[in-house]
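Lifted from TrEMBL, the feature list:
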DOMAIN    12-311  domain 'Amidohydrolase-related'
BINDING   His14, His16, Lys100, Asp248  Zn(2+) 1 binding site
BINDING   His16, Leu17, Arg18, Asn42, His137, Leu220, His252, Ala264  substrate binding site
BINDING   Lys100, His137, His175  Zn(2+) 2 binding site
MOD_RES   Lys100  N6-carboxylysine
ACT_SITE  Asp248  active site
Amino acid sequence: MTDRLTLIRPDDWHLHLRDGDVLAHTVPATARQMGRAIIMPNLKPPVMDAAQALAYRDRILAQRPAGSHFEPLMVLYLTDNTTPAIIAEAKASGKVVAVKLYPAGATTNSDSGVTDLGKLDDVCAALAENDMPLLVHGEVTHNHVDIFDREKAFLDDILAPLVARHPTLKVVVEHITTKDAAEFVQSQGPNVGATITVQHLAYNRNHMLVGGIRPHLFCLPILKRNIHQQALQDAVVSGNNKFFLGTDSAPHAKGAKENACGCAGCYTAYAAIELYAEIFEDLGVLDKLEAFASFNGADFYGLPRNTDTITLVKEQWVAPTELPFAGDVIVPLRAGESLRWKYLG
Ligand SMILES: NC(=O)N[C@@H](CC(=O)O)C(=O)O
Ligand SMILES: [Zn+2]
Ligand SMILES: [Zn+2]
């Protein structure tokens, strides 16, 4: 039985750090485990150009613990007003590595998102030219499309045509939740990859809704039925290098989650690698964790793999029931539950 696990240091290819005082909590939490992280730009207002990305990066670095080499990889938020010149300037900054598409209204702070991707073909061409991946929150937002069908509708109506129009554009389908998305990614060339979260591997909608509603399992795209959870598990079990670690750790204060209109997002950064290790072990593929967590994402982005290592031990510990969040608290995923793997450093 394996009771100790040493891996090349992982990276988090989808992370929300937020801004302001809470950076004092969110930055150290991720910097403790991850070498790099793709920093989601859905602030209020969003991160829309190189200057805003560099200023945000400085605020993040100001909270990086002494001695840490954690590197925030910055992302621009695509709007109807993004231009090829904005993309070229972002690339030239050397610090912005990707651009994020939020269909307007799809998720937390996405009001400034894109209303018609068809109008941004010149921007997509600029991304392809600059070898910058387009990261997508893959859900349509039309009222008539059921929330459980929104990812598939996005793949069929928006993403498949986009990839066909821009065959060299790198695309990351973020936080995939369906069998359809896993199959779509597998069916495309090496320029299309996907991140998979802990919560979408570990849970399905029954966990969220049977026996009472569990607001801390509510995230977007919403947890789907068990056949979809199974397909995501199959994707990581397959070892296909198109799939990589992206926690989508998305903290919201406890009161904003335990609310008559609760916010979407699960907080997992405090124990990201332990949470993935537990699932990979349950699936019998602990030997595939390192490629998923530490190789596939870097390879997809064309960045060097990390060279230092981390170690986990098989040792039970209890996840905190709450964590500080700048005068407020957050309830992490698995709060108060026993975790099986412990990160040593
Ligand atoms: N995943 C979520 O449920 N929420 C994210 C936004 C996102 O990634 O869609 C957030 O910023 O809170
Ligand atoms: Zn999203
Ligand atoms: Zn996210």
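Keep in mind that glycine also has a Cβ here, set from the backbone N, Cα and C atoms.
Ligand 1 lies under 6 Å from the Cβ of Asn42, Leu220, Ala264, out of the binding-site residues His14, Asn42, Leu220, Ala264. Neighbour count (other Cβ atoms within 10 Å of the Cβ, all protein chains): 27 for Asp248 (Zn(2+) 1 binding site).
Asn42 (substrate binding site) sits 12 Å from His14 (Zn(2+) 1 binding site), counting Cα to Cα. Sequence-distant contacts of His137 (substrate binding site), defined as residues of its own chain at least six apart whose C-beta falls under 8 angstroms from its C-beta, comprise Lys100, Leu101, Tyr102, Pro103, Ala106, Thr107, Ser110, Glu174, His175, Leu220, Pro221. The Cβ of His14 (Zn(2+) 1 binding site) lies under 8 Å from the Cβ of Ile38, Met40, Leu135, Glu174, His175, Thr195, Thr197, Gly246, Thr247, Asp248, each of these being in the same chain and 6 or more residues away along the sequence. Highlighted here would be the binding-site residues (His14, His16, Leu17, Arg18, Lys100, His252) whose C-beta falls below 6 Å from ligand 2, but none qualifies. Between the C-alpha atoms of His252 (substrate binding site) and His16 (Zn(2+) 1 binding site), the distance comes to 10 Å. Highest local Cβ density among the binding-site residues Arg18, Lys100 belongs to Lys100, counted as other Cβ atoms within 10 Å over all protein chains shown.
Cα of His16 (Zn(2+) 1 binding site) to Cα of Ala264 (substrate binding site): a span of 12 Å.
Leu220 (substrate binding site) has a Cβ environment of 21 other Cβ atoms inside 10 Å. The record assigns His16, Leu17, Arg18, Asn42, His137, Leu220, His252, Ala264 to the substrate binding site, and the maximum Cα to Cα distance across that set is 19 Å.
Less than 6 Å separates the Cβ from ligand 3 in the case of Asp248, drawn from the binding-site residues Arg18, Lys100, Leu220, Asp248, His252, Ala264 in sequence order.
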